[in-house]
C-alpha cells in the first residue's frame, strides 16, 4: 500500500478514492460514442454497413465478454493493476484506429479493425470494473451512494464525448480519435494511485440481517483523543473494535451492547458525509493489503461456479437481463445512426410523416435521443443509488423497491413506444427508458454485493453483465424480425418500411409484457428477502437458550 499523502486524513482519502473512481468511469464510456465517429470512419475507409456493424459489435463484445476474467483479476490482484491494463488497452485500441483513418482505405483489414475495437472495449471494461470495486469496497455502509457516482459518470460519458465531438471536432475525426486514444488513458493513469481498496472503518460491521439497521446497531469506536499514541496499541484496538462489531452484528437485538457515551454512538443510519474522529484517522489505515481485506470481509462470499446452484443468482440474472434487454432494444433502435440501423424508430416515423425527409435531419434527431437518454440515465443512477441507501437506512425497506420502480418506468416507456405515432413525441420514450435504465443500474451493484458479498463482487458483476449481452441480443433480434416482417425490399436490396408505428409497435408490446414479468420478479425478490430475514431472526433467537444452557 502506498504511503499516506501528507495533510490528507484517511477519511478524506476514502472520499478521494470515490472521486477518482468517478473520473475513471467517465473515461471508460468511450465505447458508447462509436456512432459519433463511425459514419466518417466508414466513408474514409470505404467500409460497408456490415463492416461498420462488425466493428461496433466487437467493441461491445470487449465490454461484456471479458467481465468475468477481469472481475476475477480485480478481486484477487487488486484494482490498480487492472486500471493500468485498462488504460493501455484503450490506447492500443484507439491509436491504431486513428492511424488507419489517417492512412485511408485499405490501410487495415476489417479483422484488425475489429480486434482494435475489441481492445478498446476490454479497456473500458477493465477500468470501469476497478472504479466500481473501489467505490463499493471503501464505503461498505453506503454502497448505494458510493457506487452511484461512478455508475452515473459511466452513463454520462456517451453524452460528454458526443458533445465534445460535435463542438470541438465536428470536421476533424482524426483529432477526435486521437483524443479518444490519449485522453481517457491519461485520466485513468493519473487516477490509478487513488484506486486503493481500504479496510472497513472501525464503525463498520457487515449487515447480515437483510440490510435493516434496526436489527443490528453499529457502535462507533472511542474518539481518537482518548486513544494512546502508540501505533501498536492503536492497531490492536482497531482489531478488537472490528471483532466486537462483528459479534454485535450476528447477535439479535434483544441482547443489549455495553453502554457507550451518547456522543460516541452511531448506527448504520449515519450520513455518508459524517466524519467521526475515530481510529481511522490515525494513519495506520494505509498499512493494508488484499489478503487482510479478504480476511476482514464479513458476510456472504459466493462467487464463480458457486453462483449457479443459488436461486437468488438466477432471479437477479433474469431480472437484470430482461430489464437491460428492454432498454438496449429501445436505445439501439431509436438513437443509432440510420446508416447502421435501417429499422430505426425515428426514421420510420419521420418517413411516414414526410417521405422526403433529409437524412442529415434524421441523424440529428437520433443524436438528440442519445443525448437525452444519456443525461436522464445519469440522473436516474444518482437518484437510485443515493435513494436506495435512504430506503434501507431510514425507511427500513429493501433496495428491490428501486428495481420495482424501474420496472414500472420500463412498462410506461414501452407502452408509449407501442402507442406514440408522432415523431415529435418519441422523446418521451427515450427519456422514460433512460430514467428506468439509470434507476436500475444505480442500485443493482449494491444488491449484488449484498447478496453475494464484496470479496467476489467484481467477477460476480461480470457474470451479471452477461445477462445484458444475452438479453440485449434477444430483444434486438425480436425487434428486427418484427420490423422486417413489415418491410419491403427495394430494387437496390435494402429494406424499407413506410407504415410508421405499425413497423415496430408489436416489438414494444413484447417489451411491455416483459417489463411486467420483471416487476413480478422484483416483488418475488422483496418477499424472499423479507422471508429469509425473518427465518434468520428466528434461528438466532432459538440459538440463545442453547448458548445460555
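Easy rule for this one: first residue shown is 1, then count along the chain.
Including glycine, each Cβ sits where the backbone N, Cα and C put it.
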Per TrEMBL, the transmembrane segment among 460-482, 483-505 spans residues 460-482
227-252, 253-278, 279-304 - the range that TrEMBL marks as region 'Disordered': 253-278
Segment assigned the feature transmembrane segment in TrEMBL (from 381-399, 400-418): 400-418
Using Cβ atoms only, state whether the transmembrane segment (460-482) and the transmembrane segment (81-104) have three or more pairs under 8 Å that are 6 or more apart in sequence. no
Selected stretch (most C-beta pairs under 8 A with the transmembrane segment (54-74)) from 81-104, 313-334, 424-448, 508-528: 81-104
Ranking 144-164, 400-418, 508-528 by the number of C-beta pairs under 8 Å to the transmembrane segment (313-334), which range is first? 508-528
Cβ contacts the transmembrane segment (12-34)/the transmembrane segment (144-164), at least three under 8 Å, sequence gap 6 or more: yes
